[in-house]
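Copied from Swiss-Prot, the annotated features are:
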type	residues	note
BINDING	9, 10, 11, 12, 13, 14, 15, 16	ATP binding site
BINDING	58, 59, 60, 61	GTP binding site
């Protein structure tokens with residue numbers, strides 16, 4: 001059976017956040033679909049054997065909003081599982097969000113008269129009036145006091161969507177080339193003993209057994225890895241609960257060849273039970289593909 005989640009509500013209340021969550025949960029998402037196209041879109045999705053679809057509808061087509069309840073009723077009568085989530089927030093919160101984003105309200109031009117620009121409060125008041133027939137359709141969420149993360153969690157619980165697994169990435173890097181911009185957590189291991197000063201180990205990498213044996217012989221190296229692993233294990237559930245999809249842990253040393261590579265490889269072994277798990281080395285190692 002085709003499942004459709006309809007996201008609507010007051011502009012600035014979080015529809016984009018909700019739609020991105022549904023997209024991450026595997027829904028095919030359409031934003032700002034005019035009401036006149038909704039029935040046809042649902043019919044095509046059913047014919048194409050699509051399973052999960054999410055559609056965001058806002059006030060940009062005000063003349064069509066009154067037709068939406070009938071479209072919803074007809075779609076359900078044809079066997080579509082359709083749920084409606086109406087997002088709202090108090091006017092003060094909406095005004096603050098618009099001020100922070102510096103975006104124009106979609107009804108600004110509609111209310112403009114004689115070259116006079118309407119206030120944001122006037123636009124919001126008209127939008128509430130136009131959206132009133134939809135507010136009592138099904139689920140209403142007041143996002144006034146919700147963070148984006150909380151809103152995503154609420155909607156996930158509401159639609160009982162599976163949480164996408166968090167992709168855990170360990171990457172090594174060289175401080176002399178700069179720090180990676182994609183790192184969520186960063187650990188500096190330049191304080192550890194450096195194999196570079198052993199001429200026999202210098203051309204090797206942290207993935208080679210002689211370097212691994214050399215570094216593994218120092219208690220301070222093992223303790224550093226233990227501490228980093230313990231920190232990640234302690235806080236990984238919280239990062240997952242924060243509804244993020246990726247967590248990148250960067251380990252840096254001077255050249256990105258010995259210590260950071262070894263620590264990353266050891267951490268990857270300790271978290272081998274986490275799926276998906278990625279390992280990246282920013283410095284091209286001798287056995288890497290060109």
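Note: Cβ is positioned from N, Cα and C throughout, glycine not excepted.
Neighbours of residue 13 (ATP binding site) among the binding-site residues 58, 59, 60, 61, defined as a Cα within 10 Å of its Cα, are absent: none qualifies. For the ATP site, the Cβ centre of 9, 10, 11, 12, 13, 14, 15, 16 serves as reference, and the other residues of the chain with Cβ at most 8 Å from it are 58, 87, 88, 89, 143. The binding-site residues close to residue 58 (GTP binding site), defined as a CA atom within 10 A of its CA, are 9 out of 9, 14, 16. Ranked by how many other Cβ atoms sit within 10 Å of their Cβ, the binding-site residues 15, 60 place 60 at the bottom. Close to the recorded GTP site, the chain also has 32, 34, 57, 62, 65, 106: residues not among 58, 59, 60, 61 whose Cβ is within 8 Å of the site's Cβ mean position.
Fewest Cβ neighbours within 10 Å among the binding-site residues 11, 13, 16, 61: this applies to 16. Each residue contributes its Cα atom, and for residue 11 (ATP binding site) and residue 60 (GTP binding site) those atoms are 10 Å apart. Taking only the Cα positions, the spacing between residue 12 (ATP binding site) and residue 61 (GTP binding site) is 16 angstrom. Geometry remark: residue 15 (ATP binding site) versus residue 59 (GTP binding site), CA distance 12 Å.
Within 10 Å of the Cα of residue 9 (ATP binding site), the following binding-site residues from the list 59, 60, 61 place their own Cα: 59.
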